[in-house]
Amino acid sequence: MAHRAPSGRAPAAAPAPSRRLARRVLVLFTLSLSCSYLCYSLLCCCGGGPAAPRARCAPSRAAAAAKKLLQKSRPCGRPPPAEPPGSAAPARRPREPPAPPAGSPPAPARPGAKRLPQAIVVGVKKGGTRAVLEFIRVHPDVRALGTEPHFFDRNYDRGLEWYRSLMPRTLDSQITVEKTPSYFVTKEAPRRIFNMSRDTKLIVVVRNPVTRAISDYTQTLSKKPDIPTFEGLSFRNRSLGLVDTSWNAIRIGMYAVHLESWLQYFPLSQIHFVSGEKLITDPAGEMVKVQDFLGIKRVITDKHFYFNKTKGFPCLKKSESSGLPRCLGKSKGRTHVQIDPEVIEQLRDFYRPYNIKFYETVGQDFRWE
């Protein structure tokens with residue numbers, strides 16, 4: 001006969017073996033997952049210093065998966081900003097150039113900007129314009145275009161931006177200068193320059209018109225040896241003393257005629273006349289006047305020049321680009337062709353009234369008679 005428990009209750013049944021096994025598996029899995037997460041976190045984020053911000057790495061479900069993920073992922077740090085939904089994938093950033101070695105000087109910057117010229121040497125051909133340009137380029141406050149752009153006579157249809165692109169870069173404290181001697185005898189040039197800027201300063205290098213014409217002819221003869229004689233080109237009828245003013249070499253020397261076109265747009269205060277003769281005998285004195293006209297400090301003085309006996313004109317002791325002496329090119333200082341003295345006298349008579357009017361207009365006697 002079975003005995004009952006004193007309390008009257010049936011004895012508690014022992015836990016089922018399957019439930020105990022499930023609990024153990026769950027505990028072991030939890031411990032394994034926690035250890036894997038801890039190891040992965042230590043490996044992933046150990047590179048940052050104590051003060052470095054760290055982001056949580058996503059836990060793996062097993063140590064092997066964590067190791068595989070670690071090989072593919074970058075070190076933990078601040079994650080990149082998430083792209084908004086629906087946005088396209090960001091473009092791949094281009095590879096940055098390698099940094100320069102420590103201690104190397106920085107790459108030189110290109111200072112300044114290209115500006116339209118504030119001053120133009122507008123004439124005259126074979127008067128000494130190249131000398132003026134080379135001499136003024138020595139000044140630190142002047143940047144000059146070395147070539148003749150011929151914008152206001154031949155290339156005006158290219159536009160001001162094309163013209164500006166030819167100019168050298170200048171700082172705010174510097175002025176831009178260009179020279180094209182043919183502007184002085186181009187009827188459209190004064191108006192076109194005025195339309196660019198009515199404040200443009202103009203430099204005209206003048207020379208005895210007879211000597212200038214002979215120099216012009218000498219240069220042309222060196223390029224075209226078969227041209228007619230100087231006497232033949234200068235006169236329509238030499239016996240009557242009729243000078244051919246259609247020949248460019250003669251026409252350029254009629255300075256008073258060409259100046260009238262410029263005075264329609266610019267006052268005399270904006271035009272400076274350089275004596276081509278004094279530029280040879282006293283280059284420093286003429287360049288002092290040019291510097292004063294441009295409103296810049298008197299930097300170019302006697303110490304910058306020496307007289308070259310071979311060429312017959314002054315040269316720079318130091319050029320703009322180097323500390324070496326610099327003379328003008330081979331085309332400068334040519335020996336003039338011999339002209340009949342009677343022809344020279346006839347041309348002097350022809351130019352005399354034009355010269356006198358020119359002296360009176362500019363208020364300066366160049367003593368060409």
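Here the Cβ of each residue, glycine as well, is placed from N, Cα and C on the backbone.
The region 'Disordered' feature in TrEMBL is assigned to 68-115.
The annotation compositional bias 'Pro residues' is assigned in TrEMBL to 97-109.
The annotation domain 'Sulfotransferase' is assigned in TrEMBL to 117-352.
Taken from TrEMBL, the feature 3'-phosphoadenylyl sulfate binding site covers K126, G127, G128, T129, R130, R207, S215, K332, G333, R334, T335, H336.
Annotation comment: TrEMBL describes K126 as active site, for sulfotransferase activity. Cβ neighbour count for K126 (3'-phosphoadenylyl sulfate binding site) (all protein chains, 10 Å cutoff from its Cβ): 23.
Cβ-based neighbour count (10 Å, all protein chains) for C315 (disulfide bond) stands at 20. Annotation comment: TrEMBL describes C315-C327 as disulfide bond.
Ranking the binding-site residues K126, G128, R130, S215, T335 by Cα distance from C327 (disulfide bond) puts R130 first. Here the C-alpha separation of R130 (3'-phosphoadenylyl sulfate binding site) and C315 (disulfide bond) works out to 12 Å.
You'll find the Cα of C315 (disulfide bond) roughly 17 Å from the Cα of T335 (3'-phosphoadenylyl sulfate binding site). When pLDDT values are averaged over the domain 'Sulfotransferase' (117-352), the model yields 93.
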